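What follows is a short report on a single structure.
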């Protein structure tokens with residue numbers, strides 16, 4: 001159910017700090033000040049329901065994602081609550097929930113060597129980097145990671161994460177974590193499958209699938225429905241929304257039933273420390289049996305993770321925020337989202353959190369529950385803290401196969417098969433970065449993302465260096481570049497002009513239509529100067545038409561000799577025919593039309 005109107009009012013912009021903190025400035029830095037004065041009892045009720053729903057989802061997921069990250073289960077819960085509280089103050093989306101995710105947990109497992117100290121330090125450094133990007137407004141770096149690269153990465157990650165849980169689903173032991181070795185040893189040791197784990201895991205997967213299908217097909221409730229029908233609808237909706245908690249509780253109950261009989265056919269999660277860890281600064285060194293590992297050595301060990309983890313965290317979080325903002329008709333502030341995520345990771349690291357980001361699945365639960373403001377996260381965070389205080393003794397009985405089922409069912413939607421058909425229909429060349437990213441991610445995630453991004457940038461540069469040039473015949477030959485003109489493209493333009501105009505007999509005059517050119521650089525100016533000389537030597541004319549003001553300003557500053565520019569093609573053709581009353585604009589601002597002069601001086 002969705003509320004008729006939310007009191008959430010995200011800020012329109014992100015203003016720099018000033019010495020005078022006005023109310024508007026305060027609301028931009030602390031968005032909750034904008035919607036809190038208008039908070040209603042209706043919003044409180046809906047936020048409470050949404051917070052409970054998300055809390056029942058995040059607790060079993062957090063335990064499961066800690067396994068993906070290669071960390072003890074309690075670290076998933078340590079990572080699940082701080083974002084709820086920080087986002088209340090700093091977030092600009094009413095739907096987003098921050099916490100552990102499958103993708104981020106996978107990245108953590110690659111760069112932290114399954115050592116909690118490394119994971120906590122990575123969270124701190126990730127937060128610092130994200131915070132710096134937010135203050136410096138460097139979110140634009142994410143624009144260079146194209147959609148095919150993201151889809152290739154998430155699809156590969158879904159396979160890596162999903163297959164990584166087969167060992168827990170089947171109760172296999174001593175399986176390496178490197179993907180290719182994992183595949184080999186999983187099939188090699190398939191004969192050691194524990195029947196109890198396999199049966200329970202498959203039953204949990206079936207239950208999760210059935211409950212999800214029920215959730216997707218529950219008809220909307222209407223006020224005119226009888227009370228009994230609405231009550232039944234609420235019960236079904238609650239059960240299907242909290243399906244992860246329901247299925248994990250069922251599995252734990254089954255395991256406990258066997259435990260009291262003295263026979264245990266399942267591999268259990270085991271003892272989980274009670275309570276929240278004491279707040280402390282992240283470890284900047286680690287003492288092992290072989291000696292002390294310094295901060296510098298820890299950072300060197302993380303390597304590319306200090307780039308990949310912050311960027312992918314930002315990308316995932318902002319993608320989720322933008323998706324639900326568009327779906328629910330409100331706006332977010334991307335730079336403010338960076339700050340919220342950065343502060344979450346920094347403060348979370350004080351309580352042994354590993355890096356977190358926005359969760360698409362839990363955000364969807366939040367939105368479908370009718371959340372009105374980020375206040376819903378307060379209830380989610382409170383539930384996680386309560387579970388750490390009072391439920392950790394019960395986590396002992398949760399079978400690992402049940403958590404594996406939760407993870408597998410959570411990552412299945414990440415594998416996007418439709419994107420291949422869409423790209424084949426829209427632009428087949430975009431399949432190249434998708435495939436490069438997808439394949440190389442099985443080797444190393446950072447290589448996949450880097451190679452895919454590089455291929456995407458090369459495709460972009462190719463279109464810049466080889467712009468399409470439309471040619472029209474007439475009294476003058478008209479060449480119109482279909483996009484901007486920058487230094488890699490000057491040789492393409494030269495080749496087109498030489499082959500179409502100067503290498504013909506006799507040489508032809510050309511009008512270069514600059515309608516689509518909004519900027520040029522110094523190399524282009526030099527290239528145009530050389531072309532003007534070539535045309536002059538062969539007794540032909542090169543005229544520029546449709547110049548935009550920024551381009552005209554650059555040409556005037558360069559003081560090119562012999563450059564002719566006209567407002568329209570008709571004026572250029574009249575000048576070529578030497579019809580009276582037509583003169584080119586060249587030489588200085590004195591010859592430029594009055595409306596252009598006004599724009600130049602504006």
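In case you wondered, yes, glycine gets a Cβ from its N, Cα and C as well.
Residues or ranges marked as domain 'STAS' in Swiss-Prot: 466-580. Residues annotated as topological domain 'Extracellular' in Swiss-Prot, with sequence analysis given as evidence: 1-47, 91-115, 165-193, 268-300, 359-370, 416-438. Positions annotated as topological domain 'Cytoplasmic' by Swiss-Prot: 137-143, 215-246, 322-337, 460-602. Residues or ranges marked as transmembrane segment by Swiss-Prot on the basis of sequence analysis: 48-68, 70-90, 116-136, 144-164, 194-214, 247-267, 301-321, 338-358, 371-391, 395-415, 439-459.
If one looks beyond the topological domain 'Extracellular' (416-438) by at least 6 residues along the same chain, the residues whose Cβ comes under 8 Å of a Cβ in the stretch are 146, 148-149, 151-156, 448-449, 451-453, 455-456, 459. Simply put, out of 194-214, 247-267, 338-358, 371-391, 439-459, 338-358 has the most Cβ pairs sitting under 8 Å from the transmembrane segment (116-136).
Per-class residue totals from DSSP over the topological domain 'Cytoplasmic' (215-246), listed helix then strand then coil: 21 helix, 0 strand, 11 coil. Remote same-chain partners of the transmembrane segment (338-358), defined as residues 6 or more beyond its termini with a Cβ less than 8 Å from a stretch Cβ, comprise 69, 71, 75, 78-80, 82-83, 86-87, 90-92, 96-101, 103-105, 107-108, 112, 116, 119-124, 126-135, 139, 276-277, 279-282, 309-310, 312-314, 316-321. The stretches the transmembrane segment (247-267) and the transmembrane segment (144-164) are not in mutual contact, being linked by fewer than three Cβ pairs under 8 Å (pairs 6 or more apart in sequence). With a threshold of 8 Å between CB atoms, the same-chain residues lying at least 6 positions outside the transmembrane segment (301-321) that come near it are 92-93, 95-96, 98, 101, 103-104, 107-108, 110-113, 118, 121-122, 125-126, 129-130, 133, 139, 141-142, 145, 150, 153, 293, 332, 334, 337-338, 341, 345, 355-360, 363, 445-446, 449-450.
Sequence-remote contacts of a segment are chain residues at least 6 beyond its ends whose Cβ falls under 8 Å from one of its Cβ atoms, and for the topological domain 'Cytoplasmic' (137-143) they are 14, 311, 314-315, 318, 334-335, 338. By the Cβ criterion (distance under 8 Å, sequence gap of 6 or more), the transmembrane segment (395-415) is counted as touching the transmembrane segment (144-164), at least 3 such pairs being found. Through the fold, the topological domain 'Extracellular' (359-370) approaches residues 1-3, 46, 49-50, 53-54, 57-58, 61, 95-101, 241, 316, 319-320, 323-324, 327-328, 376, 410, 413 of its own chain, all at least 6 residues removed from its boundaries and within a Cβ separation under 8 Å. Averaged over the topological domain 'Extracellular' (416-438), the predicted model has a pLDDT of 93. Residues 67-68, 70, 109, 114, 201-202, 266-267, 400-401, 403-405, 407-408, 442 of the same chain, all 6+ positions outside the topological domain 'Extracellular' (165-193), place their C-beta atoms under 8 angstroms from a C-beta of that stretch. Sequence-distant neighbours of the topological domain 'Cytoplasmic' (215-246) (same chain, 6+ residues past either end, Cβ-Cβ under 8 Å): 1, 53, 56-57, 59-61, 207-208, 365, 368-369, 406.
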